[in-house]
Protein chains: 2
Amino acid sequence: MSVKHAFYAQSGGVTAVINASACAVIETARRYDDKIGKVYAGHNGILGALREELIDTSLESHETIGALLRTPGGAFGSCRYKLKPIGESEAEYRRLIEVFRAHDIGYFFYNGGNDSMDTALKVSQLSEQMGYPLTCIGVPKTIDNDLTVTDNCPGFGSAAKYLAVSTKEASHDIASMCDTSTKVFVMEVMGRNAGWLAAAAGLAARQENDPPHIIVFPEIPLNRERFLQKVKETTEQEGYCVIVASEGARYEDGSFVSASTTVVDSFGHQQLGGVAPALCTTIKQELGYKYHYAVADYLQRSARHIASRVDVEQAYAVGKAAVELAVTGRNAVMSAIIRESNAPYRWSVGEASLDKVANFERKMPMDFITEDSFGITRSCREYLEPLIEGEEYPAYLNGLPRFARLKKVMVEKRLNKPFEL
Amino acid sequence: MSVKHAFYAQSGGVTAVINASACAVIETARRYDDKIGKVYAGHNGILGALREELIDTSLESHETIGALLRTPGGAFGSCRYKLKPIGESEAEYRRLIEVFRAHDIGYFFYNGGNDSMDTALKVSQLSEQMGYPLTCIGVPKTIDNDLTVTDNCPGFGSAAKYLAVSTKEASHDIASMCDTSTKVFVMEVMGRNAGWLAAAAGLAARQENDPPHIIVFPEIPLNRERFLQKVKETTEQEGYCVIVASEGARYEDGSFVSASTTVVDSFGHQQLGGVAPALCTTIKQELGYKYHYAVADYLQRSARHIASRVDVEQAYAVGKAAVELAVTGRNAVMSAIIRESNAPYRWSVGEASLDKVANFERKMPMDFITEDSFGITRSCREYLEPLIEGEEYPAYLNGLPRFARLKKVMVEKRLNKPFEL
């Protein structure tokens, strides 16, 4: 019996370390060449399978695959494409399995978040029904840190470290200028529904009254008056005020903070502004303080240059474990990080049944937020601190990080029809 | 004859490495204790002298002073405060000299940009007239890179490196997602009048068609139609388009790009938007592309975690040289960086007469910008590349950089009157 090949795909928003998981899947599969043939990677994620666009990773050198460990973004391409619910249309799932069958693929490694784990589960179930059983293994990834069962999600730790470091540095900047210049600095961070990243920026504060002084979480409706009062008190006491704000923050009436300002272009077209300019406009209007703001946006999830060593190690470990789970006969599971102790921080990799992960969302515990709603508690800090531990720097050439450049040779198509999305 | 003390002040916008210059001034002065007594640092820059708020750096340990080498921001406080033209009012200059005389200060080290060099020059001239001659030495600093004589300005190289690295990383992110998601990414960078920082972000591109694909310089009026055409062509050819935009960019009619959108809050108050959202709104409107943007703001000038080694070394070297110039009897000069060769990059430190630096502004040479106005030329690259060379990482504790924490003990006041600004 010839060995089956493997299909690996990256899904959803990319991270600074998702390629470390890709590196681990490919390197580990190469070590199990008695059980796994080649690893094909989906060009632009799951769309690569639907379109039969498979990248043959066996044609990439060991050095190039190794360089994935230190390359941000999704090296094979990712996508925001959610398969339709299986009840509505099985066509997409059937197409996937047809492509897998045509290319002798027996393993499906899906590197993503909640939605992806749901897809992996469905593919696993349907493949069985269609008489072409597949081993479907999830590899966790998301800067949102909202997967269940796993203690934390690879990708989050590096974004968290970037935000904590950047907030600390910018705070030193404004602290030195506040006497005659900017009094308020707002750092806008990602997080539509959960405040994990905003909380992480809070790690910049080590002692009482250290910045950031105010964190605006999406979980807690913002009371405009209490917020302004806190900005005023802080600025009067400290000379300046540093605020971290989640993009998804809302006022108590349910409206997005970002919606409180409107951007109007010269043609009169309107669109929502961001949280940071919205808060700054309010502060300027009500308190008169000079402000600056930064919008980290993609920088926070691609900042491989300041990746957390723990995060890189865990991203690699979950990719490696996924392949090991597959070759030992496990199916419909996701590799997961288990926290064994906080101090010293110890962790291991276990597994989670896909049906325990698919479509569930982990919320930030409410006891991670201080009673005044503007800070993080000791238990939050104890949870977060180990995740930003250690530095794992990329190699540099002429002042810039060296990232992997892949050849991306496509496997010849075997199906005679394109797939219409 | 007892030795005179020295006064050191930080001026204007701070940088990731201005404290490296402070470190050098203090450490070097300590080595010349036969000529220089204590180094007093101005609390919040020159205001510290006007208000007689002098920080006694002799009470800080060697370890703390050493830690300044890796601490961003202005450790003693900086300020945006320009002394009045000497013809209008000599009162401020006279006050400075009174304070210096009261504290037996014979050396004035001023760490700043054009304005500061002008102030240092005036103080030098007036002190002579007032019969209390001072040795006035400038220490160059500005992320704007617009001082004359010196080949480049400490602070610029680290901001440049941060922007080049971040642009490269964010480009990897959008490249992997563009098939189904964001097509356009805009990175907003500082630079009201000069495009040095925007040009530096262009270093992220190493090969033809590498991102960033478009740089919007403040020097070149933006033709809206040509810009949109280039965005369209790039997106159609590459699948995505990365744009770097200077905050000071203007359209051909002279209006700021940032003014093409207006932010209106819920009370109807208006204010200017930023360049990035303005360009994105235009692109969305005219081409329909999904976009993301980042505003680096203070992060770019405080990012000590990714400082350029060359920049740190030069910031230290100009501080050290300033003290050496002072003790060898030079006056009314600024230490300056001299480029000796490009490849290999060799530099040394010389001096510039303050009257050759004060109030002059170095523009970016027009042959640094490509003919289509959207890129940097080979000569620009040859100038910039050495400045981002090498990494000089801070020490970390529990995942965060360790920055200096100063005691900041104030010298007892000797004048019996406060100064009214």
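Sequential numbering from 1, following the chain as shown.
Here the Cβ of each residue, glycine as well, is placed from N, Cα and C on the backbone.
Listed in TrEMBL for this protein:
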type: DOMAIN; residues: B:9-325; note: domain 'Phosphofructokinase'
type: BINDING; residues: B:Asn114; note: Mg(2+) binding site
type: SITE; residues: B:Asp115; note: site 'Important for catalytic activity and substrate specificity'
type: ACT_SITE; residues: B:Asp144; note: active site, proton acceptor
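Neighbour count (other Cβ atoms within 10 Å of the Cβ, all protein chains): 25 for the residue listed as 'active site, proton acceptor'.
Less than 8 angstroms from the CB of B:Asn114 (Mg(2+) binding site) sit B:Asp146, B:Leu147, B:Val357, B:Ala358, B:Asn359, B:Phe360, B:Glu361, each of them six or more residues away in the same chain. Taken residue by residue with DSSP, the residue listed as 'active site, proton acceptor' is part of neither helix nor strand, so it is coil. Reported as a whole number, the C-alpha separation between B:Asp115 (site 'Important for catalytic activity and substrate specificity') and B:Asp144 (active site, proton acceptor) equals 13 Å. Summarised as a single figure, the pLDDT of the domain 'Phosphofructokinase' (B:9-325) averages 94.
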